[in-house]
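Asks: Take this structure, written in structure tokens, and hold onto it; I'll ask about it next.
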Amino acid sequence: RCAGRVEVMHGGEWGSVCVFDFDWEARWAIVVCRQLGCGRVAKASPYAPFGQGTGRIWLQLFFCRGTEDTLEKCLVSEWGEHFCGHDREVGVACTVLGLPPCVGASRAGLSRSRAPVADAAELRLAGGGTPCAGRGEVKLQGRWGSVGDDSWDMEDAEVVCQQLGCG
């Protein structure tokens with residue numbers, strides 16, 4: 001719940017949030033992490049870092065001070081009106097307050113293009129001796145499997161750790 005593509009519910013339907021080129025400071029991410037109760041921003045990106053959505057884009061962000069209580073209190077478009085596409089959907093990874101840092105993250109990767117973590121039914125680290133160490137695995141269609149990615153790096157490991165509540 002503390003990492004993924006940012007989506008909001010409006011009229012009983014979930015939709016994504018996008019941003020156009022002029023958002024340099026990504027203060028919207030501060031608001032998202034605060035609104036979710038997930039601590040501070042670890043990483044934020046306006047380039048669909050958790051994969052592009054396929055449904056409705058509900059909001060386009062224009063400006064956030066970073067002090068707003070909810071994302072909707074930022075300067076945003078009208079519901080459903082936007083100038084940006086799914087390639088500009090925002091994603092954020094927040095830290096989780098009060099939890100120890102994740103240790104021993106493996107070099108196993110999660111393919112963003114085929115099965116993003118945000119869309120996986122379950123995520124775990126296996127074979128590491130503790131719930132916060134080991135090889136990355138996802139459960140899709142009822143089966144656990146390791147996945148790999150040639151461009152896996154520490155930022156990816158941090159997202160997995162945060163999503164699992166490991167820091």
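Along the chain as shown, residues are numbered 1 onward.
A Cβ is built for glycine as well, from the same backbone N, Cα and C atoms used for every other residue.
TrEMBL: automatically predicted annotations, no manual curation.
Pulled these features from TrEMBL for this protein:
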DOMAIN    1-95  domain 'SRCR'
DISULFID  Cys33-Cys94  disulfide bond
DISULFID  Cys64-Cys74  disulfide bond
DOMAIN    123-167  domain 'SRCR'
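Each of the listed features needs to be described in terms of its position in the shown structure.
Replies: Note: Cys33 (disulfide bond) has non-local neighbours Cys2, Gly39, Arg40, Val41, Val92, Cys94, Thr95, i.e. same-chain residues 6+ apart with C-beta under 8 A of its own C-beta.
Within 10 Å of the C-beta of Cys74 (disulfide bond) we count 20 further C-beta atoms, all protein chains included.
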Asks: Using DSSP, how many residues of the domain 'SRCR' (1-95) fall into helix, strand and coil, respectively?
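Replies: Summed by class, the stretch gives 15 helix, 33 strand, 47 coil.
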Asks: Which entry in the list of disulfide-bonded residues, Cys64, Cys94, has its Cβ near the fewest other Cβ atoms, using 10 Å as the limit?
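Replies: Looking at the disulfide-bonded residues Cys64, Cys94, the Cβ with the fewest others within 10 Å is that of Cys64.
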Asks: Summarise the model's confidence over the domain 'SRCR' (1-95) as a mean pLDDT value.
Replies: 89
